[in-house]
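Asker: Got a structure for you, questions after.
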Amino acid sequence: MRRVVIAGNWKMHKTQAESLEFLQSFLPKLENTPEDREVILCAPYTDLGMMSKNLHGTRVRLSSQNVHWEESGAFTGEISPAMLTEVGVTYAVVGHSERRQYFGETDETVNLRARAAQKAGLTPILCVGESKEQRDAGKTETVISEQLKADLAGVDLSRLVIAYEPIWAIGTGDTCEAKEANRVIGLIRSQLSSGDIPIQYGGSVKSSNIDEIMAQPEIDGALVGGASLDPEGFARIVNYQSV
Ligand SMILES: O=C[C@H](O)COP(=O)(O)O
């Protein structure tokens with residue numbers, strides 16, 4: 001039975017004060033959230049320690065937005081697995097398209113990060129997805145297959161979440177049609193030796209479209225960017241209506 005995993009990726013938003021204000025409004029809205037839904041917040045590094053203290057004893061889990069593959073070293077701006085586990089982080093987003101686009105992330109480094117995360121006891125949330133040009137050229141399946149093959153080499157599939165995030169849907173309001181997202185996620189699942197891996201959809205998920213997205217049989221959750229910044233709106237996404 002696959003888990004439902006709803007994660008909010010705050011990206012470069014929310015100071016510690018803003019994060020605390022978010023939690024104070026968000027947490028009470030989870031009182032009736034079904035227990036089988038995993039709720040994760042992917043916060044900036046600076047907020048993780050404070051958030052961990054305020055989330056202790058709640059059902060909300062913490063994720064970083066990246067993780068380095070070395071235990072320590074001269075890697076300016078990076079963060080090690082131990083720095084994350086020490087403050088109670090249990091997930092790590094790896095391979096987000098913005099890291100691939102702006103910070104030279106490659107399938108090779110994504111794979112290193114995923115394996116290092118697992119070695120430290122973190123669960124990677126691996127992001128894959130095609131660009132508009134690749135989709136328009138009919139290359140979606142090929143691109144994602146190649147990403148999966150390279151990113152998942154030596155990765156333990158029993159401790160993994162995958163997020164299908166078409167790049168052209170990220171931050172644009174141009175959400176992928178739910179049935180198309182379901183088709184692609186079905187293709188992703190067909191290439192995995194384990195059928196129990198939760199596979200999320202990400203890309204302009206909002207409170208207005210979450211019910212339709214989650215009604216799709218292959219979709220196990222969402223990786224939400226902009227719409228996760230507002231406690232009310234993200235609570236509505238977490239509390240989506242099952243059909
Ligand atoms: O990690 C989240 C994805 O980049 C989606 O972001 P978005 O919901 O703002 O489109």
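Every residue gets a Cβ built from N, Cα and C, even glycine.
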Asker: For the substrate site, TrEMBL lists ASN9, TRP10, LYS11, SER204, GLY225, GLY226; sort out which one of GLY49, GLY171, GLY186 goes with them.
Answerer: GLY171
Asker: Near HIS96 (active site, electrophile), which binding-site residues out of TRP10, GLY171, SER204, GLY225, GLY226 have their CA within 10 Å?
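Answerer: So the list is empty; none.
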Asker: Taking GLY171, GLY225, GLY226 as the binding-site residues to compare, which has the smallest set of other Cβ atoms within 10 Å?
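Answerer: Comparing Cβ neighbour counts within 10 Å for the binding-site residues GLY171, GLY225, GLY226 gives GLY171.
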Asker: Work out how many Å separate GLY171 (substrate binding site) and GLU165 (active site, proton acceptor) at their Cα atoms, rounded off.
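Answerer: Pair distance, Cα basis, whole Å: 11 Å.
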Asker: So which of LYS11, SER204, GLY226, listed as binding-site residues, have a Cβ under 6 Å from an atom of ligand 1?
Answerer: SER204, GLY226
